[in-house]
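What follows is a single structure, written as structure tokens, with notes after it.
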Amino acid sequence: MFDFMQQHGWLVGAVVAAGIVLATLFAYRATLNFRLMHWWYQVPLIGKMAKLSRSATPDEKTGWTDSERTLCSDYGKFVHYHSRTEFERRNVYLSRAEDNGRKPTPIWLWAVLTVLVAAEGLGFSYLLGTWMARDGSANTHTLLMFAIVIVLCVAMMFLTHAAGHQLHRSNLIRRCRKEWQEGGRKGDFHTPIALSGNQSLDDGMPSYKQIVNRVGAHGSYFMVGAAIVVIIAIAVLSTWMRMSALEGEQTRETVGITATDNGNPFASAATLPADITDSQKKADAKAQSDEHASTRTEGIAAFITLAVIFVMTQIIGIYAGFKGGFASRDGHAAWLANRGFATYEDYEDYFRPLIALANSQLQNLQRRLTENSSNSHAGYRFSFDDYLEQLQVRAREKAAREAADAAAKNAQAALAQQAAQSVAQSQVAPQALPQAVPVLPTTTTASETAAAPQAAPATTAPASLSTALPGGIEEHMARLGTLADPAQKKAYVLALDEATQKAVIAEIGRRKKAEADIADAEKAKRSAELDSLLG
């Protein structure tokens with residue numbers, strides 16, 4: 001391995017340098033792309049600014065020219081600017097999931113972990129490479145070693161990072177479930193809330209419910225267990241392989257010494273007495289045994305140290321996964337959208353120079369368009385801020401359409417469910433409700449007449465299940481008021497029995513008429529005031 005590195009040092013250095021350059025470019029790719037794009041706009045004659053300044057045809061509907069839109073679109077790719085409301089909504093999501101203050105694992109830490117895992121795995125990988133190609137050359141063993149190191153790095157970094165992330169998330173869910181159980185299991189434990197949803201749905205709820213609404217209700221320690229098993233297995237197997245290799249090396253040394261003695265023509269010469277040669281052989285054997293024992297002890301200590309270093313390296317990887325990343329489902333998306341800033345002022349300060357630069361470029365383009373056009377376009381009044389505002393308006397409209405579609409689907413599902421329940425109740429009601437006892441016309445005695453009031457309740461049919469509310473029609477109206485979607489209100493009314501439907505519909509009509517009368521009265525009052533003021 002070291003011979004290969006000495007012979008091809010330039011290649012190793014080039015690979016390391018290329019890796020560092022690629023990692024740096026990847027880490028700062030957004031800034032690099034922005035600088036390259038801005039530089040291309042600045043190039044005279046053949047640059048993009050020169051090209052766009054030749055097209056001044058405006059859009060009759062919007063007033064924007066194609067050149068203006070192209071420039072704003074190019075710069076807008078790097079300015080993901082949102083309103084304060086959107087920023088605060090994402091911050092609320094992160095805060096309630098206890099993801100505020102967290103961030104993804106940085107690139108430099110990934111690089112450090114890669115170096116640690118690769119450096120620790122080089123020796124073990126060389127042993128494996130030797131066993132995979134027993135008859136191979138040294139170059140073959142070296143190539144196999146690098147291949148095994150790459151596989152080991154990728155596998156262990158993924159496994160340890162996933163284990164650390166799962167450990168953090170599962171511990172969070174476990175803590176929340178414990179608090180919910182200690183609180184008496186009040187209400188549902190989990191009501192999912194997405195980043196795009198209404199973050200005020202769980203206002204006032206305990207913090208543990210706010211957490212699981214965004215993180216999830218079910219955790220697992222599978223990856224943690226798998227990482228522990230793999231780490232222990234690799235540490236034990238690598239130590240065993242190293243000890244076996246050491247024992248094999250010592251055995252070969254002993255065999256080599258014995259073979260040397262057997263081939264020595266002077267070793268069998270009877271030049272010395274037997275007692276002297278025997279004592280010398282015993283001394284040599286003891287010295288060799290002591291040397292092997294010392295080497296074995298030192299080797300065991302070194303191999304155990306290497307195993308401990310390997311385990312510590314993997315613990316660092318697990319800790320990086322535990323401290324980095326986000327437990328919530330949309331935490332990473334929320335962090336990216338807010339650029340990791342805790343306050344909206346810092347968020348604005350980050351984008352303000354980019355917005356100012358884009359406005360400057362747009363004004364430069366508009367000036368060139370005016371100079372190159374025979375009839376100046378009166379619509380050169382837009383700024384990059386106007387473009388961002390239009391993007392936000394379209395985003396809000398899209399979100400409103402998606403919310404309306406989701407509400408319509410939910411209303412249809414609720415309507416179908418309530419219709420099924422209504423049919424089931426209508427089939428069960430004749431059997432469940434007692435029949436009214438008909439009252440026959442007959443003459444009654446005075447005692448029977450006196451007893452009649454007590455018997456009367458038994459001859460009256462009970463109220464329908466849908467009308468058995470403490471507040472009667474008023475409570476039905478209150479429940480209708482809590483439903484925002486007209487389809488849900490309609491489904492609620494249709495689920496009532498016929499008599500209650502008529503009463504509720506009549507009450508709705510009465511209230512609508514009262515509202516119309518109030519509006520007419522207000523209109524007449526304003527008209528009279530205007531007549532008195534203008535007359």
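Note that Cβ sites are derived from N, Cα and C of the backbone, with glycine treated the same way.
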Seminar exercise, completed: Which range is region 'Disordered' per TrEMBL? Of 156-179, 324-347, 420-443, 444-467, it is 444-467
For this session: Sort out for me which stretch, of 107-131, 143-164, 300-322, has the most Cβ pairs below 8 angstroms to the transmembrane segment (221-241).
Result: 300-322
Seminar exercise, completed: The answer for the transmembrane segment (300-322), taking Cβ pairs under 8 Å and residues 6+ beyond its ends, is 105, 109, 113, 116-117, 120-121, 123, 156-157, 160-165, 167-168, 227, 231-232, 234-236, 238-239, 242-243, 246
